[in-house]
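Trainee: After the structure tokens below, expect a handful of questions from me.
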Amino acid sequence: PPQIQVYTRHPPENGKPNILNCYVSQFHPPHIEIEILKNGKKIPEIEMSDLSFSKDWSFYILAHTEITPTESDTFACRVKHVSLNEPKTVIW
């Protein structure tokens with residue numbers, strides 16, 4: 001099943017714009033759905049890297065979006081894939 005890592009490009013500081021990355025790897029077949037959530041709601045505009053594959057033919061992809069974290073906001077990455085019984089959510 002897919003491995004999911006959620007991290008920011010720069011050290012997070014409340015009120016400072018940042019990029020939230022959701023790196024998903026070790027999945028096969030290549031079809032996958034990735035959402036970035038803010039307070040449980042899908043962020044509509046996210047960027048996706050090209051789908052790539054590793055030496056072992058598993059796939060990986062990076063989804064990212066600009067965020068401005070605050071104390072009260074929660075961000076997460078939700079992944080839907082055929083190898084998962086239900087969507088997997090990882091909170092940042």
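Each position is counted from 1, following the chain as shown.
Cβ coordinates are placed from backbone N, Cα and C, and glycine is handled just like the others.
OK, Swiss-Prot features for this one:
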type     : residues    : note
DOMAIN   : 2-91        : domain 'Ig-like C1-type'
DISULFID : Cys22-Cys77 : disulfide bond
Trainee: Let me check the 10 A CB neighbour count of Cys77 (disulfide bond). How many other CB atoms are there?
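Mentor: Summing over all protein chains shown, Cys77 (disulfide bond) has 24 other Cβ atoms within 10 Å.
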Trainee: Let's see if you can do this one: DSSP helix, strand and coil counts over the domain 'Ig-like C1-type' (2-91), in that order.
Mentor: 0 helix, 47 strand, 43 coil
Trainee: Validating a neighbour-count step here. Other CB atoms within 10 A of the CB of Cys22 (disulfide bond): how many?
Mentor: 26
